[in-house]
Amino acid sequence: MTKKLYIKTWGCQMNEYDSEKMADLLDSTHGFSAAQSAEEADVILLNTCSIREKAQEKVFHQLGRWKTLKQDKPELIIGVGGCVASQEGDTIRQRAPFVDLVFGPQTLHRLPEMINELKGGAKSVIDVSFPEIEKFDRLPEPRAEGPTAFVSIMEGCSKYCTFCVVPYTRGEEVSRPVDDVLLEIAQLAGQGVREVNLLGQNVNAYRGENYDGTICRFSELLELVAAIDGIDRIRYTTSHPVEFTDDIIDAYASIPELVDHLHLPVQSGSDRILNLMKRGHTALEYKSKMRKLKKIRPNISLSSDFIIGFPGETDADFEATMDLIQAVDYDLSFSFIYSARPGTPAADAVDDVTEETKKQRLHLLQQRITQQALRIARHMVGTEQRILVEGPSKKNPMELSGRTENNRVVNFEGTPDMIGEFVDVNITDVFTNSLRGEVVRRESEMGLRVAVSPQSIMAKHQADMPDELGVGQFSPA
């Protein structure tokens, strides 16, 4: 009888990527198939996030709901992974002794061995170590699910912003080798993926090793990814302003596959608060980078993260943030009320901004962003936009839905054979969370460029594998 696996995922896109890899890994090693609910599973994994307030308590509340499942089915395996697991470690077992597995973001590749240890008689297994990039060497070939895919190119962050737990939960920055990244993307392109989203906690800081030992910068990686036939769109997240350097800005002039959308978290528009956060830049430096980018891509859509009510934030500091929002003209934000993260330097500061003030400021910020977003969307009416068709519309399953380069959902009438392809549409109407359009051109009329076939990259990787004598051979594909 097929064993069932249930994974509950909280948090960022990196966690979503990790959960997909866990599922693929346990399918390839143990034959686990996906369960639709925790009740029908043989293994339950909770992939946690420590960014939001009271993340630890949220984990234990969820585990409490699963405790009865363990009582009814003693052979059930319950595991906790992700950033809270990395932070809490043994504490999870102390508070929830029925948990069998505790593993960090960098040790998910060891899940098959951990499960085998439990089946061999171990009472529990805990591994929250940081074995750098090892996990990517142990993961199975990626499986595409639709025309878009995430690809992790690096892990961790070395910036140590005073409010952030990432360096403590995912470790410092470690980049995957260039060939490994290109192979994964080529494999996905061979399965029909058209758009890749390159992931990392500080993705612009990518410094991957080339086959000859030299280092590849992020801008150089973008060129290599864009050259793969079938990959016609490139997104990436998350970035840090300090690492958003001129060579990356220049890439927007030479790489048409880079979409007209950038998510570049600034957190605050106040230099005083930015200094307290240890962000390493000023508001003026940030705006200068955005001006350079807009000279190359005048229509680029910009989004950001904002922390509201950081310790010591005054009315003047908040007004500086509002001024920055207007100057940059964001049309989307991920904004959060500040709450201390245990173990971070900011947690020792006095949280002197009242909850009422935080909520008022958050409302004003989101109101301004919404106004700007609506204005930008209205300006798109009558324009022609290229859409990657992702599938049926959520609003009307008889219609299709896709995204523009600037990450807006467009619903339109089309045929099922358009799914996975690009279409050009004329934008006819604007709604709160979507646009409406009419198809004017299909992909066969676009003349999308071809540079390097996915098959040639995969063939090169296979040719580089050592023979029986341990000697690697290379012949051009």
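Just so it is clear, glycine is given a Cβ too, placed from its N, Cα and C backbone atoms.
Taken from Swiss-Prot, the feature domain 'MTTase N-terminal' applies to 3-120, supported by sequence analysis. Annotated [4Fe-4S] cluster 1 binding site per Swiss-Prot: C12, C49, C83, in sequence order, evidence recorded as sequence analysis. Per Swiss-Prot, domain 'Radical SAM core' is recorded for 143-375, and the stated evidence type is sequence analysis. According to Swiss-Prot, the [4Fe-4S] cluster 2 binding site annotation covers C157, C161, C164. The domain 'TRAM' annotation in Swiss-Prot covers 378-441 and is backed by sequence analysis.
Feature map: annotations from Swiss-Prot on the structure.
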{"residue": "C12", "record": "[4Fe-4S] cluster 1 binding site", "contacts (Cβ under 8 Å, 6+ apart)": "C49, I51, T238"}
{"residue": "C83", "record": "[4Fe-4S] cluster 1 binding site", "contacts (Cβ under 8 Å, 6+ apart)": "G11, T48, C49, S50, I51, A55, G104, P105, V165, V166, T169, R170"}
{"residue": "C157", "record": "[4Fe-4S] cluster 2 binding site", "contacts (Cβ under 8 Å, 6+ apart)": "C164, V166, P167, R170, E172, E173, Q201, N202, A205, H240"}
{"residue": "C161", "record": "[4Fe-4S] cluster 2 binding site", "contacts (Cβ under 8 Å, 6+ apart)": "Q267, M277, K278, R279"}
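Residues W10, G11, M14, N15, T48, S50, I51, G82, T169 surround the recorded [4Fe-4S] cluster 1 site, their Cβ atoms falling within 8 Å of the Cβ centroid of C12, C49, C83, which are themselves excluded. Look at C157 ([4Fe-4S] cluster 2 binding site): DSSP puts it in coil. Cβ neighbours within 10 Å of C49 ([4Fe-4S] cluster 1 binding site), excluding its own Cβ and spanning all shown chains: 19. According to DSSP, C12 ([4Fe-4S] cluster 1 binding site) is assigned to coil rather than to any helix or strand.
Around C164 ([4Fe-4S] cluster 2 binding site), a 10 Å sphere centred on its CB holds 22 further CB atoms from the protein chains shown.
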